[in-house]
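As recorded in Swiss-Prot:
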REGION    55-74  region 'Disordered'
COMPBIAS  58-68  compositional bias 'Basic residues'
BINDING   W110, G170, A171, G172, D192, W256, M288  S-adenosyl-L-methionine binding site
Amino acid sequence: MAFKLWLLDEETIYEHVFERYTQLEGQSGKLAQDLGIQDRRGGVLEITFEPSGLEGGRKKKRVRRRNKASSVEEDQNVAVDSYHVSVGQSISSLHSSRDNGNSTTGYVLWSTTPFFINWLLYSTSAAPFRLGSQVEVTCGSSCEGHMLELPRLIDLTGADRGKRGILELGAGISGILPVILGNFVDTYVSTDQKGILNKLKDNIMENLSQLTRKRCISRSLRLELPTVEPVGDADITAASLPSKSTLHLEVAALDWEKINLQDKKTHSLHPELSLIGETCSSVYVIAMDVIYNEYLIDPFLKTLKQLKHWLQTTYNLQFHVLVGIHLRSQEVTTLFLEKAIIEYDFTVYDIVDQVIQESRFNFYLIT
């Protein structure tokens, strides 16, 4: 059964938060009681994603395996490919008071991201994001709902003519979202603060082999389509051969406290954002575990507000946001929802799904 959406408002925020944290408390014996770092013991993590179930990405001990596509018959309802990524992280930078202006949480992989990848690709309940379909919306536990049409977040078949993009905010160093989800979109832009980008680029390049369904071009990563060796007297380029479609993948600095898309002069500072507008008909903004203290909430929501206005008015894009939260502080979660709904006037849906409710995470769809 597909997930449902609970439309939150200024009254149901508190009911939702109370219920979710009550569920969490009831599962305290089953769930890890930690801050959510995927693995704080190692500098290099080996993680496997495969369609055998939601296992959160099994960690390997520095044994590198390359991507191998499953022999299971292709099914657009769930992904069938397996992915194996190597993530270099920096525990020392996480605890540093000097690195990246003392904003250091992005130097390690947090568990929200692997959980989201597993759920999106392999959970049957996440099918609306893979197929593009109507989803039932309720306005509360006892309220009869309506249906909301969702565009595809990812296209497993490659047959959809629509051009879709993903803009990732607060990517951190791992780079696993672009190299996995990049297989199923046309444009992917991964952003974070400037001090994070070099390690993010390194991890993307390390795992570029996981882009098995796409040819990747990137200005920021200096990737161009290769030229095929001449055959006989003919010069044949890769672009002229029938093969994989192309992914535009970019890595860019985006400071939530400094972005100003209302000033047209600053648009030239963000060519990667313009790339999404110029190449896509729909965009999902993805932000995993970026709301963990109250000081980040306003800059994040202001950035979303600007992006929504600019991409919709300038390029007429379908605009949706997926926010993943590791449920730590109940006060921070409540404040985020209050500000998003009441102060910034976003439409916010809780994604109601059993797999998610049995975890320490929650996902919100924002429009």
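In case you wondered, yes, glycine gets a Cβ from its N, Cα and C as well.
Features per Swiss-Prot, on structure.
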| residue | record | Cβ contacts under 8 Å, 6 or more apart |
| --- | --- | --- |
| W110 | S-adenosyl-L-methionine binding site | G36, I37, Q38, G172, M288, D289, H326 |
| G170 | S-adenosyl-L-methionine binding site | G106, T191, D192, A287, M288, D289, V290, F300 |
| A171 | S-adenosyl-L-methionine binding site | G106, L177, P178, S190, T191, D192, I196, L200, V251 |
| W256 | S-adenosyl-L-methionine binding site | L169, L296, P299, F300, K302, T303 |
S-adenosyl-L-methionine binding residues W110, G170, A171, G172, D192, W256, M288: largest Cα-Cα distance, in Å and rounded to whole number: 20
Other CB atoms within 10 A, centred on M288 (S-adenosyl-L-methionine binding site): 27
Cβ packing number for G172 (S-adenosyl-L-methionine binding site), 10 Å threshold: 27
